[in-house]
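To start, the structure under review is shown below, and the notes come after it.
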Amino acid sequence: MNQRESRALTKRRFDARVLSASVLFVSALVLVAHAEEAPVVDPVDSSASSSKEDATKQMLDSYQNKAQPLLEQYCYGCHGADTQEAGFQIDDLNPNMIDGSDAEHWDFALDMINQGDMPPDYDAQPTDEERRVMVEWMTSSIELSRKFSKPVVNANLRRLTREQYAYTLGELLHLPIAFEQDLPNEAKSKMGFTNSGEALVTSPLHVEYFQSIARKALDKAIVTGERPESHHYRVTLGTDVGKGHHAAVIGGYQSAPIPREHVRAEILDDQGHPRSGTTEEETAALRTIESDIGIGMRGSDGNRYRVVDDGLLLYSALPHTELPPKSWQGPSPNMKLLLRKCYPSEGPIIARVVASLAAIEEESAEAETAEGETAEPTTEEPRTAAIRAFVGNRTDDGMEYTELTEPHVVSAEPGQPATYEFRGYLENLPIPVIDLNDTGDLANIMILGIWNDHLVKSNSESGVPIVVRSIEFEAPYYEVWPPASHTGIFFDSPLKETDVDAYTREVLNRFISKAFRRDLTDVELDRYFEFWQAIRGDYDNYHQGVKEVLIAALCSPHFLYLDTPLDQVAADVSLAEKLAYFLWNSPPDEELYQLAEQGTLRENLGLQVERMIADKRFERFIDSFTTEWLRLDRHSGMNVNIGAYRDYTRFVKRDMALETKYFVQHVIENNLSLLTFVDSDFAMLNQNLAEFYGIEGVTGGEFRPVSITPDMHRGGLLSQGAFLCGHSDGTQAHPIKRAVWLKDKILGTPPPPPPPNVPQLDPETPGFQNLTLKEQLELHRNKPSCVDCHRKIDPYGVAFENYDAVGRYQLKAKGRPIDSRSELPDGTVVNGIDELKTYLLEKQPDAVTKSVVDHLMAYALGRDTNYADEPQIDAIVDRVVADEYRVQTAIRAIVESPAFLGVETSIVSNSGE
């Protein structure tokens, strides 16, 4: 090869590497341009142009002669050039709703008039005839705007969200790792959703992250060489089982070691057998047990655990009162397997706990508590307990941990222990980075811990004890080698040994087609194959060269974005994709793809919705939709005053969020009425949360529907702790926040944001702290700048006054009886939350239904809904109401709507052209 040819080859290789880094940016621009250039169909042809001109002239004439004088008389004073209350100005709206861009704003004004909110009742009111003239002009003009606007395919170019990206990459590579942890948080749309296309920007920072994550993920997926050596340890417990064996004594601050004679630590081989120390290497490894593997306990010896012949008797955990995060040691008692420097940093982990229920006679044995009392066994039927496992690390005076999967119910009878397995990935867990230079007592210690998850509230209760015989740690744990992450890419093929080029084309075609969620075109496959040919010589390892091509594919917009194809076959595949990301947050499965390719998906949408809701992946929808629709992030971010609410533990906080998610899941999976979201005769509870609410008779850590009575003041979303606590200030209830949430999320009529100069509640006002919440609101509302908005908001919030800052029901506050009586804007008087629920069910059922449908549709479409969607939303509401408000009917109707199917619908352009 001469010098010129060498430079040319180097140039081609350089260009190929640049492609890997910049393919996202360039391709995304091309794709956006393609979407913007997509043809639209204009139904207003020459034969219709005259009718459009006539309609426009009639609209403007009617505005000038009839509507505009009334608007000037009744609206311009508050929404004109000089004053724009709530940020809304009506005098500068374009009255030409056919060619202009203000039809949606006119639709908002129409809603305000129809709801009776405008003009406010303290201003001059139009006569019925004048109101009819304004309403008829707006209504007819909006209908004309829909009739004559350009229909466009409801295409919405949107990137995968952080969660969708992680699920998609995880399924593609068979690696359930939280890859989204490295990505920036997503922005929210006005309706609160992160999957909105307009909010899902792709910045240069995203480009760097996507490439970095793709490389990291493929580095983990593609393996070479032999199976990596596993760190495999087992610790067995019981009276004197450690005699003649080695075990470390690792305790430290707030952690007590178990005496060495009761602990036997072992290093296991690949077959799970203890290493004997017959070789010099094994002997050296066994010596590490004395210093690096041990058991530590949280809770003083003889308090809530004790060693027995068959293992460690572990009483039900006591959450205790809440402590600052850095002092958190977990519930008492918990048992920790402590590993110092002898653990891997990545890969799959499996923890095995051998345990059983404790024998009755052992339950009855006295165990002295720290207070000198005796822990009495709980006499409940049936006897249930559960093991919860966690992984973490020690901090200066506490620990950081993450729970491993869900707890396992312990059903093994006394004397017949069973093995309970917990799995995860170390990459998802807070394990410490080993620093050999740090010789501190707590340095380089990884924790694998468990506790008895049958939580109790009193230190005098033993609950339902369990006996733990052993705890085992194994990582990285691979059932087969090479793992599925590797063989899913480099599959067996006759071409593998005979024709590397042909095999590589197969590998690329199969992987990238799956990544793009559609078949590759020949041109696309050629491009990626030529890329591999250009760089293959740069790598000694075949797998490395292929990996570079796959990284480029994972940075392509065809992987990162939901495509909007134009031909019918591709449109059906795209529909399967939209359906899967709506209900599963991940790619379609084989059944959806088959129906799409056969052209029968559209006629089977109802059956597919039912099947997908029954699938475990539907939990991903529940998690993301429920969190964003109901703003559960406000609850997770709420810092409660633990000095005032010591029994509001992190377990109560966790269970409050789960209560809401399980409730929404139960309503949808059982196809209940949408109105169940307002009120229900059941609540989703476990023992921990039920006791916090003061509801008796619920045992065990598992959530289940619990029948409730009116005196419990629960049922529906409005009396759930996550909402109530999330819309407080952490010290006391906040009726305004609760009212705004209700109007926005349940009634679908969000109030405008407060003006920037609105005064806050002033705690310095004389006697302010002694006022009830209702009196504080009245003090605030009487200020001139506040009265108009608050008269429409506060009455709803006052109805929640019986619930404190953490969502518990109370009859008194500040030593005085609570007055939750309130007059709603329409004149209806309600006394407390129960009567407010009745009002919503009896007088506002369609408004509630429309709000739920509106939020579901926005989430399904990946964009906020707007006035152009109103006819479709109204049709869906009618269908839901006719089917007794069934929630699955709403979901089916949404996925069968023109907007979701991508059918041409009339959407007004905002260009003004």
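Every residue, even glycine, has its Cβ placed from backbone N, Cα and C.
All TrEMBL annotations are machine predictions without curation.
Listed in TrEMBL for this protein:
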type     : residues : note
COMPBIAS : 40-50    : compositional bias 'Low complexity'
COMPBIAS : 364-374  : compositional bias 'Acidic residues'
DOMAIN   : 75-121   : domain 'Cytochrome C Planctomycete-type'
DOMAIN   : 158-222  : domain 'DUF1587'
DOMAIN   : 504-562  : domain 'DUF1595'
DOMAIN   : 572-695  : domain 'DUF1592'
DOMAIN   : 714-811  : domain 'DUF1588'
DOMAIN   : 826-900  : domain 'DUF1585'
REGION   : 40-59    : region 'Disordered'
REGION   : 364-386  : region 'Disordered'
SIGNAL   : 1-35     : signal peptide
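Spatially, the domain 'DUF1587' (158-222) is adjacent to the domain 'DUF1595' (504-562); three or more Cβ-Cβ distances between them are under 8 Å for residues at least 6 apart in sequence. Comparison of 75-121, 504-562, 826-900 by number of C-beta pairs under 8 angstroms to the domain 'DUF1592' (572-695) places 826-900 first. On the 0 to 100 pLDDT scale, the domain 'DUF1585' (826-900) averages 96 in this prediction.
Taking H, G and I as helix, E and B as strand and the rest as coil, DSSP gives the domain 'DUF1592' (572-695) the counts 82 helix, 5 strand, 37 coil. Counting residues per DSSP class in helix, strand and coil order gives 19 helix, 1 strand, 27 coil for the domain 'Cytochrome C Planctomycete-type' (75-121). For the domain 'DUF1595' (504-562), the DSSP counts in helix, strand and coil order read 47 helix, 2 strand, 10 coil. Across the domain 'DUF1587' (158-222), DSSP helix (H, G, I), strand (E, B) and coil residues number 34 helix, 2 strand, 29 coil.
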